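TrEMBL has this to say about the protein:
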{"type": "TRANSMEM", "residues": "7-27", "note": "transmembrane segment"}
{"type": "TRANSMEM", "residues": "47-68", "note": "transmembrane segment"}
{"type": "TRANSMEM", "residues": "75-93", "note": "transmembrane segment"}
{"type": "TRANSMEM", "residues": "99-122", "note": "transmembrane segment"}
{"type": "TRANSMEM", "residues": "134-154", "note": "transmembrane segment"}
{"type": "TRANSMEM", "residues": "170-188", "note": "transmembrane segment"}
{"type": "TRANSMEM", "residues": "239-257", "note": "transmembrane segment"}
{"type": "TRANSMEM", "residues": "277-299", "note": "transmembrane segment"}
{"type": "TRANSMEM", "residues": "311-327", "note": "transmembrane segment"}
{"type": "TRANSMEM", "residues": "347-365", "note": "transmembrane segment"}
{"type": "TRANSMEM", "residues": "386-406", "note": "transmembrane segment"}
{"type": "TRANSMEM", "residues": "412-433", "note": "transmembrane segment"}
Amino acid sequence: MADFRTFNVVILGLGFLFIFTAFTTTGNIEQTVVKSLENSTFSGSGYHSLGIIYGVFSISNLLAPTVVAVIGPRLTMFLSGILYSGYTAVFIIPSTWSFYFTSVLIGIGAAMLWTAQGHFLVENSEASTINRNTGMFWALLQCSMLFGNLYIYFDWNGRTEISDSSRKKNFLSLMVASILGTLSFLVLRKSHHEEELLSEEEGQSLLSTRMIYKHRANNAMQDAKTEFKTILQLLKAKTILLLSPCMAYSGLELSFYSGVYGTCIGATTHFGEAAKGLIGISGIMVGIGEIVGGGLFGLVCKNNRFRRTSVVFLGMVVHFVAFYLIFLSIPSDAPVVFKTTTQMSPYLTPSVSIALLCSFLLGLGDSCFNTQLYSILGRVYAEQSTPAFAIFKFIQSVFAAVAFFYSGYLLLMWQLLLMVILGFSGTLCFFVVERMQNFSAELQEQ
């Protein structure tokens, strides 16, 4: 029993590693690729595409649990993987309509994929193994930020323009990685819970397959209605309202480190022929920051002397240092220039070491906020964790979508200012919630 469950978790992690090697690399480079297209009929924007993905993802999260309950997590993940592969394939022979159409599809697929992943991980874990299995899965997932970006660095280093042949080769390789990850889901074995459900349904020989699926769908719809009512109730709760600015900030900074900052580095004139290759190295440094932060704060928070507020405060300081260095050393028009490189001059001469340090700090700070938001929601809403996490992902995705839409129009300094204001407000609100929880715990102990 334990052996096949561990096997499932490892295969699950490897599948996500391959799929997100393709997707995170695509997200990191797509605006730069779009700018370099030698195609007068293509009028798409990488920022708008990512905005559509996160916008559709936020809405689709409400429907995803019903789909997973009806067709099962394994088939859901396989079908979602096909949509991810299709999005990567669009860049091989790009056209505006297919670019935006697959953006909508992958937004739906992302909601299905992550809901099914959580469902499948829980099914293959027990109370004694859930932390180990979650750790194994996230370690494999975070490695996805390393391999694809490393490939981009070696292929793009020294190039000032991305040729059609280079683009096709890059995205063909990424598509193959995504397809391998998708196919790995076919190797997953049925969980004990799924086998019990199937044997129970097979025992009801008078029921046709159609009736069985209809019965599942009815049950799923009832569960979805109950969960939606719970979500509406939680949205009015003081704790969720106070945590909303912090959740919103996590969406803004997610869009910045995953799609905007790499584009800024690639557009910086001072970096010359190294600029395009640095996009890959920047993505790797963000990934290292995420891995270090996730590992470090997972251990630190087991020590009661380190409160969640300490980690969130560290995340805010780390991000604000990164924002200040980016403000000083990256041209303010870097996110908005299209066919040319930057024309404006920063306050300091752009430095490769400072740019990559900022990438690391962005990843480190992101892990601070995300680990602690998950931690406090898990503590406060232990009995209602699914709707609480759904609200978190909804708010985060909506603000990520909004940020991607304005990223192509606002100068860098205004984008940084928005994140500083919301980051500071979110941190203060997080402190208030933590204080409320500590005060409530002290009252219960008396």
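Cβ coordinates come from backbone N, Cα and C, glycine included.
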Report the listed stretch (239-257, 277-299, 386-406) having the maximum count of Cβ pairs within less than 8 Å of the transmembrane segment (347-365). 277-299
Can at least 3 Cβ pairs under 8 A be found between the transmembrane segment (170-188) and the transmembrane segment (47-68), with each pair 6 or more apart in sequence? no
Counting only pairs 6 or more apart in sequence, are there at least 3 Cβ pairs under 8 Å between the transmembrane segment (7-27) and the transmembrane segment (412-433)? no
Does the chain bring the transmembrane segment (311-327) near the transmembrane segment (412-433), so that three or more CB pairs sit under 8 Å (pairs 6 or more apart in sequence)? yes
Please figure out which one of 75-93, 134-154, 386-406, 412-433 racks up the most CB pairs under 8 Å against the transmembrane segment (99-122). 75-93
As a test: from 134-154, 277-299, 386-406, 412-433, pick the stretch that has the greatest number of Cβ pairs under 8 Å with the transmembrane segment (239-257). 386-406
Among the ranges 75-93, 277-299, 386-406, the one whose Cβ pairs under 8 Å to the transmembrane segment (134-154) are most numerous: 277-299
Who are the long-range neighbours of the transmembrane segment (412-433) in its own chain, taking Cβ under 8 Å and residues 6 or more past its ends? 239, 242-250, 252-253, 256, 260, 264, 308-309, 312-313, 315-316, 319-320, 323, 326-327, 330-335, 369, 372, 376, 380, 403, 406
